[in-house]
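**Q** Here it is, the structure in full.
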Amino acid sequence: MSNESYIVQVKLEKKKHLINFPWFCKHIKVKTPSGECFEFPCYCWLVDDKEVIIREGTARLPQDDTNKQRKNELESRQKIFRWNEWSPGFPESIDAKMGELPKDVQFDEEKDSDFKRNFLKDLVIDKVDGFFESWKDIADFKEILVHYNIKNTLLENVMQDWNKDYMFGYQFLNGCNPVMIRKCMKLPDKFPVTHEMVKGCLKKGCTLQEELQAGNIYIVDYEILNGVPAASSERHLTAPICLLYKNELDQIVPIAIQLSQTPGEMSPIFLPRDNKYDWMLAKMWVRSSDFLVHQLVTHLLKTHLLSEVFEMAMYRQLSAVHPVYKLLIPHVRFTIAINAEAREKLIGEDGVFIKVVSSINGAGMGKLIQNAMKTLTYESLCFPEDIKARGMEDVPKYYYRDDGKMVWKAIHCFVSAVIKIYYLSDKAVQKDVEIQEFVKDVACFGMNNSDNFPKSLSSREQLVEYLTAVIFTASAQHAAVNFGQFDWYGWIPNSPSTMRKPPPQQKGQVDLKYIMESLPDRECSSKVLGTVWSLTRTQENELYLGTYPDMYFTEQPAKEAIKTFQHNLDEVTNIIKSRNEKLTLHYCYLSPDKIPNSVAI
């Protein structure tokens, strides 16, 4: 073989035999007689009678590639990865049930056994006496925690201080759903809080108007739940509004709660000075509403379903030799598979979330997702933009923001370094038909022809931001909103998944008995606990952010960019670790050594 010779591709064939095991090919290396070495990354399954053509590993843009195999590869993939509307108004997903998924996106054996062990074990609950009855007292909720090791965990702090106003407020910054709170400069007409109502909570000598103008007032509004039907006459829903204040201790504390979107005699504004049961129940209603919005919008829609949209578009529109395919593939690992499981076991009509755990049924979930899709924008996936849009740049002790900014920056630098290797100008982005089709597929099919998502990209800068958002959503954002669930939801009174009595329409009518009859019963509590425990387990040898054992990139500059990325992530991990040593409540969810590469649980 001469020095000019070049191996373009290799072909693997598998024949179907009586004993017919699938084969997995990682990669092929070919050494020529002249000593040249060619690498062919594969990382795919050969099933039944299958032929796989593996291109040489050098990444190529479509405009620089004359190989006809590229077109054949994408046509073949588009037949396998077909869009499907699982439920009206939802983002589109794969047209396949769990047992029909392409082998390349199924769980591997280790993940499959891990998932079954954790998920199924913790949905099998000991049916104690009075399994379907109410609890008698708040302290009784400890009974369902005896099987779990909670010593020296954040959950211990939550159990101790859950009813204190500082702990209630802290969760809007650093709990499971740290994306709802926003600065409030002007009170909405539908929430007529007056200075007289809250003056006892404010800094001495300050008026409510002054504190609004000073930027010390924050609001959380669950308007997205308005009009969403409740699951039944025994499981209730409302759409509360909560006003919060940054006090002189730099704590965010609640100062007013209205349990509907319509003020009036039947919807009083609850205050910290009200009797303790009124105020406790009002806060529980806010936390219960937050649980629902967190699970179905922040978590399911904005990480799981979105990541599946990106994965589908990647398989349908990007060749395996495209540099962006190589960049994204570690960040979509097991995402289609985990979502297929969720559609069957969690959010389907017979799923535990719909049937037992929450105040919402299939129709209510559909309405909520439709509401959320109207306001979901591409900009909200860009972390710095979202923080700015909510006016949350300066609030103290917002560790989700601080850590998220560092991780976003590290991902952005990595993506930028890779893109600059392969795209020498903005024109190269414009001429890349695969990237343009990828972005278009996301907006027009995955997101139901949404005008809130770009349908084309015209510069390297835009491409870098877009891919940073894709990777951040699948890794960091999912970690931030998933792995705290046992910490914050493990103590049921802190975040009731459902409320069995309607919200109070007057003050002074509530006692502890009414509260216990409102909170989830023993069965529901046990199932919530089992579910959130299993959803926060990581795989034994989890691949954390920047860990890429499958080497899709074969060129040295890309490998160097990966090394720099890993170094930058290590630095972020160390900064977070040092900060946490000084805190009573550690914030670890966005530490890179605890962020899986992809949505896989």
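From the backbone N, Cα and C atoms, a Cβ is placed for every residue, glycine too.
In case it helps, TrEMBL gives these features for our protein:
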BINDING   His299, His304, His478, Ile601  Fe cation binding site
DOMAIN    1-60  domain 'PLAT'
DOMAIN    56-601  domain 'Lipoxygenase'
SITE      Trp45  site 'Essential for stabilizing binding to COTL1'
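Tell me about the setting of these features in this model.
**A** Under a cutoff of 8 A between CB atoms, and with a sequence separation of 6+ in the same chain, the neighbours of Ile601 (Fe cation binding site) are Phe115, Ile338, Asn482, Leu535, Thr536, Arg537, Thr538, Gln539.
Across the residues of the domain 'Lipoxygenase' (56-601), the predicted structure has a mean pLDDT of 95.
Annotation for Trp45 (site 'Essential for stabilizing binding to COTL1'): spatial neighbours Pro22, Trp23, Phe24, Cys25, Lys103, Asp104, criterion Cβ-Cβ under 8 Å with sequence separation of six or more.
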**Q** Are there residues of the same chain, six or more positions away from His299 (Fe cation binding site), whose CB falls under 8 angstroms from its CB, and which are they?
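**A** Non-local contacts for His299 (Fe cation binding site): Cys176, His478, Val481, Asn482.
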**Q** Around His304 (Fe cation binding site), how many other C-beta atoms are within 10 angstroms of its C-beta?
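**A** Result for His304 (Fe cation binding site): 23 neighbouring Cβ atoms inside 10 Å.
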**Q** Beyond His299, His304, His478, Ile601, what residues of that chain have CB atoms within 8 A of the centre of the Fe cation site's CB atoms?
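**A** Sorted by sequence, the hits are Leu300, Thr303, Ser307, Ile338, Val481, Asn482, Leu535, Val599.
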